[in-house]
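> Taken from TrEMBL, the feature transmembrane segment applies to 91-109, 115-134, 155-178, 204-225, 325-345, 365-386, 436-460, 466-488, 500-533, 553-575, 613-630, 650-672.
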Amino acid sequence: MGRPSLNGNSDSSHRQLLSSPLHIAAFLHSSTFPSPFILLLSLSAPVEMGTEISEPLLVDSEKVTVGAADGDPSPGEEVVPEWKDQITIRGLAVSALLGGLFCIITHKLNLTVGIIPSLNVAAGLLGFFFVKSWTGFVSKLGFSVKPFTRQENTVIQTCVVACYGLAFSGGFGSYLIAMDERTYQLIGPDYPGNRAEDVKNPGLGWMIGFLFVVSFLGLFSLVPLRKVMVMDYKLTYPSGTATAMLINSFHTNSGAELATKQVSCLGKYLSMSLFWSCFKWFFSGIGDSCGFDNFPSLGLTLYKNTFYFDFGPTYVGCGLICPHIVNCSVLFGAIISWGFLWPFISKHAGDWYPADLGSNDFKGLYGYKVFVAISLILGDGLYNLIKIIAITIKEMISKGSNSGNLPIIMESLDNETSKIVLEQRKRDHIFLKDRIPSWVAASGYVGLAAISTATIPVIFPPLKWYLVLSSYIFAPALAFCNSYGTGLTDWSLATTYGKIGLFIIASAVGSGGGVVAGLAACGVMMSIVSTAADLMQDFKTGYLTLSSAKSMFVSQLIGTAMGCVVAPLTFWLFWTAFDIGAPDGPYKAPYAVIFREMAILGVEGFSELPKHCLAICCGFFVFALAINLLRDVTPNKVSQFIPIPMAMAVPFYIGAYFAIDMFVGTVILFVWERINRKDAEDYAGAVASGLICGDGIWTIPSAVLSIFRINPPMCMYFGPSGR
């Protein structure tokens, strides 16, 4: 079912897998690698330290053979449709319907609380429900219908995610609306750096045009590296894995006893998670401090530093799926940042930075949080960039000088292991069969970058063409970092990478339009890194559901095109019907003011950052390099306990609460493995997927209730007792 293998026991044929903290119980396979041009475009490939590549990276596609997966299928074997047959008219119709629905939900959440959960699981579920309902209805009328396959289900999910993803990365609750007149007035005409000239109100025409010229580049930036991300380094992509398990469970032959038990297990925990999420809603009240999500389970003192268990099934499920080292790295990062570093810096408020600043002011503690997290991420990315370029050059030289191949060693495998090997080979074969040539990705990226470089300055005159071009040169590096981090922890830090572009461009342009230029550059960066992460997440889902990589890519293109139209249209409904940005209204758009203030800070320069911020960032950058080097030079029995900088960086910025949730998941799995390892291997993935799916499904009715302004009846709040 594609569950990552989290245990440490394996025979010699699997030993190379143990050096990577992220892996799926499967055999390594022959590898291919993108052209050097695309590799350099990617600029930063965060490869897990200690990951060994025991086979050449540069192998001709013609040499990929999978035995039984070729030729005619054997009796009873599933026939996988060709990639064109996986994309259907009914599937696209359902995708458009769900895409519009999810865009509305995303806008609603974006303009109220500014936090958007992953709806991948809900997309897969509702896609299955709608098509199955349609085929059942048509069949009852006596018409012949095409069978509904898991591949078509996966294509629908991919298309929907691509569509509603633009409602987030399009900046309708952040950088785009930060340019409008309302936000300018809220900050104040007399605020230093806040100029009336730096105002651009939303318009349906220019928003659709802007999305069309920036949203497709992220898809082309990482396509050649899909094999490295999904197959070679076996990144988990927890939401993608959970979605794949759910889709597979609906399309599994009921005769398979284990599959039936896994489906039953998934359904049981899905129901429990859904019921629990519904139950929590009744106590969540209005605001940000009510309900079980803000339960001070470790005491009020630790709660103030975000150390608490929030009873969220999603991240407990992620802890069950992600390897132990990833979960422990996240917790280690949370302890360093929220346990020691931020309290230490807070004690210097009034000295290092003004004590009366808001919690989201970059001149205060918030500036330390964001830039220290960025320094860890970029330090990890730089080290892995150097490493993977060195490996690639070595393999190119080796391929040019050696004409022979290494001998193949065959092992005697029992019947059950043989089936696992054949299933793995079939997945690999299907994922690599319908190839997307590197030259298509390279030419697509370069061509779209050229069009965008010429068009964006027309929409945003302060953002000059050479600044746009510079952004596109460095953007694939950040896209790779974000996709890799998403594969580790299921957190996309697209807004963090967007802030990098915002600060750099705003500082470069200066007072003559730097605010608008910085916000637009933030949009360029966010669009690329967000869509690239979504694509890799869906590649993971497609890999586990035997879907063609080409159908995944094409459905991403179609879904993105839908989103470029649907996302602005659905936002325009909110813009015309409600008072967006009003401080006392239901649609406050909280991140609009924050992003505009960040742009103003960027215009004033990095010198406005708090005292010692850059020095601390440099220290953590060197720390990330040193930790990665240590993971590479120490034996595997030692390196498997060394934390991963990329995973450590996430709680620095977001908080420690989800690290507690994930650690609870990893403790449950650890104990389960000690009690009954076989059951843990068979059912941990199903339990995790059920927890994630149930919580994901509840986001839809809760968002609908929010849209209709039906608030929870109670607010459960905790505070110190009076004396």
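Cβ coordinates come from backbone N, Cα and C, glycine included.
Because the structure is a prediction, the values reported are computed rather than measured.
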> Given the cut-off of 8 Å on Cβ pairs that are 6 or more apart in sequence, determine whether the transmembrane segment (650-672) and the transmembrane segment (204-225) share at least 3 such pairs.
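No; fewer than 3 Cβ pairs under 8 Å.
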> What else in the chain is close to the transmembrane segment (204-225), if you only count residues 6 or more beyond its ends and a Cβ gap under 8 Å?
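Distant Cβ neighbours of the transmembrane segment (204-225) are 34-35, 38, 41-42, 45, 166, 169-170, 176, 436, 438, 440-442, 444-445, 448-449, 451-452, 455-456, 459, 472, 475-476, 479-480, 483, 523-524, 527-532, 535-536, 553, 556-557, 560-561, 563-565, 567-569, 571-572.
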> Would you kindly check 91-109, 436-460, 500-533 and say which stretch has the most C-beta pairs under 8 angstroms to the transmembrane segment (466-488)?
500-533
> Below 8 angstroms Cβ to Cβ, which residues of this chain, lying six or more residues outside the transmembrane segment (325-345), approach it?
21-22, 236, 305-307, 319, 352, 365, 368-369, 372, 376, 488-489, 640-641, 643-644, 647-652, 655-656, 658-660, 662-663, 665-666
> Report, as numbers and ranges, which residues of the same chain sit near the transmembrane segment (436-460): CB under 8 Å and 6 or more residues beyond its ends.
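Apart from its flanks, the transmembrane segment (436-460) reaches 34-35, 37-38, 41, 200, 206, 209-210, 213-214, 216-217, 220-221, 223-224, 468-469, 472, 476, 516-517, 520, 524, 549-550, 553.
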